[in-house]
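Asks: Submitted below is the structure of interest, expressed as structure tokens.
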Amino acid sequence: MILGITLTFVISRLCLYGLIFLAPNSQFDTSTELTLKKLQAIDVDDYWNVHFWNKLLSWDAVFFLKGMTLKDGNSRFEHELAFSPLWASMVKYLANTDDVYETLKIGVLVENILFYSSSIVLYYLTRVIFSENNKKQFYGKRLAKITTNLFIFTSASGFLTGIYSEPLSFALTFIGILLHEKSISTTIPNGIDCVWSRWPLYLLSAIFFGLATINRANCVLLGIYYVVDLLQLILERRLLKALFFPFLAGTTMLIACLYQHYSLPYRAFCPQRGEWCTTRLFDGLPFTTMSFYGFIQSRYWNCGFLKYWTLNNIPNFLIAMPNFVVMFYSTIYFTRIYPSFRVRPLVFITQALLIMIALFAHVQIINRISSFIPLHLWYLADRLLRKSFNDQHTVGDDKIVKGYIYWLAFWIPLQTVLFACFLPPA
Amino acid sequence: NTESFFLKVPKDFPIRPADQKDGQFTTVISLEHSNNAKITYEAEIGRRRLEFIELQHLQVDETYQVKICWSALDPISIGEMDWFIVPHSTSFEGTVSEGARIFIQFAVTNDSYPPMEAGTVVPINVSVINCKLGIPVDLYGVIIYIAIIVASVAFLSKKINLCGMIRR
């Protein structure tokens, strides 16, 4: 099975890197040469650099590369904190060189290793969740295989050829969910029980979720896992467990989040920064009305409530539509059609992510960031497994599934080429 | 980062005679024998309100895309982008030309915290590209490449059962 996943992964990556290599060398945005000059890169005009490596430095990759090659390790400007210092430091540490291209190559290698590792973890995670009993073992195995295939062909594939921080979040999230699932047992009719002997695993899941949140702010939604568990345990009056499991884990995650998005930037920029600093809620504590991440998103990228809802952004909404539809359907599927209480937290997380992206963010980023939630992949995989699925005459849900897969077939190479040519959408 | 705008050279814009002297304006993009050109312009933060570049050898009745690109490592904003014609024998920024001239303008402003120091030099790539059929000519290669890929995927998806492949 691992061999099959590995083969699919390697072939898909080779195809995308081949597309990048064959893409025209002249990019729409001509600033890569300026970036490389600023970073004092050598051999910029080398054949492989011109035909391949330079094309991986589009859009946010510039910020990540800067973070990975910083001499003193500190961001100079506040908006640079939006580009995972954790991920940049990790690659910087592993690369351990001042050479820009060496760092880039190590970054791409680590990106692929993380993406591949995430696929493997997702395979086992799917089996754990969908193989509740021996009867379902075979089903779980097949579902896991299809889910992993779909994950390898994620709608973020093009961006994941470079040095983006998403694969780190995928890996941390999937490991976190796996640890969470391993630390609980299911109860009849629809509940969970936290097992004392597996308490360390439960707490460890919070550390992984916390790291995922430090890496990418959208992973803060994973905290919903602990809210759901906490509410259930409180309702069942198992207060000690509620305190030592979800409350403690949730608090651990919250502390990581508060440190990254409030305390750290407050110490770096306040009070001389003004603006964000002046919105402090309590004297002596670095808590402001808005997180620092939210502030810089609003200040530099014009993110905010309905700010993206303009006529010129209609194409971006259309680009985001397939993922919106499939993710929305997956929440309906696992609550109304085939309810599964084990994936209930992921249903809430998916719903929260959809609302957040639709109302507050640049909607097209859903194609890049959504794969840290596997719910829609399970929905697609489950539909594909059903006997009723007929590739020739699709009806109902299966039409959506088929449409989405065919959209991916066009979107992934297109996104890869657009990225390599430094063309929108980002 | 990129900002761009289009300009259309008027039909009646006087063509510069070959022997006519240049206006000695220092920053120039020339499209002589070419349909696109690029220079790296060095803007100094806080030094000038507007930056000007003269465009030479444009063709009358042709549309051009002016593209301004800068590295995201330099946290600046580009605004007040425009183009204008300076009539012949008219002084502009201390230079005079016998012929009419076309200039583009843009403003470079700091957009960061902490702000960059005044006088920091920010390199900016300014390109001028001729548009044919409403498309800048430098995009033709990309468009053809994308068209080939889309056609290939369409062909393959007709031959291969994608859903079946994923299921297997």
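Glycine too: its Cβ is placed from the backbone N, Cα and C atoms.
Straight from TrEMBL, here's the annotation block:
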TRANSMEM  A:7-24  transmembrane segment
TRANSMEM  A:113-130  transmembrane segment
TRANSMEM  A:150-179  transmembrane segment
TRANSMEM  A:199-227  transmembrane segment
TRANSMEM  A:239-262  transmembrane segment
TRANSMEM  A:314-334  transmembrane segment
TRANSMEM  A:346-366  transmembrane segment
TRANSMEM  A:404-423  transmembrane segment
Asks: Same chain, outside the transmembrane segment (A:404-423) by at least 6, Cβ under 8 Å from its Cβ: which residues?
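Replies: For the transmembrane segment (A:404-423), the list is 15-16, 19-20, 23-24, 27-29, 31-32, 55-56, 58-59, 153, 155, 157-159, 161-162, 322, 325-326, 367, 380.
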Asks: Between the stretches A:113-130, A:150-179, A:199-227, A:314-334, A:346-366, which wins on the count of C-beta pairs under 8 angstroms to the transmembrane segment (A:239-262)?
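Replies: Between the stretches A:113-130, A:150-179, A:199-227, A:314-334, A:346-366, A:199-227 has the largest tally.
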Asks: Grab the same-chain neighbours of the transmembrane segment (A:346-366) for me: Cβ-Cβ under 8 Å, and only residues 6 or more beyond its ends, written as numbers and ranges.
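Replies: Counting only partners 6 or more residues beyond its ends, the transmembrane segment (A:346-366) has Cβ contacts under 8 Å with 177, 218, 221-222, 224-225, 228, 297, 301, 303-308, 313, 316-317, 319-320, 323-324, 327-328, 330-331, 334-335, 373-376, 425-426.
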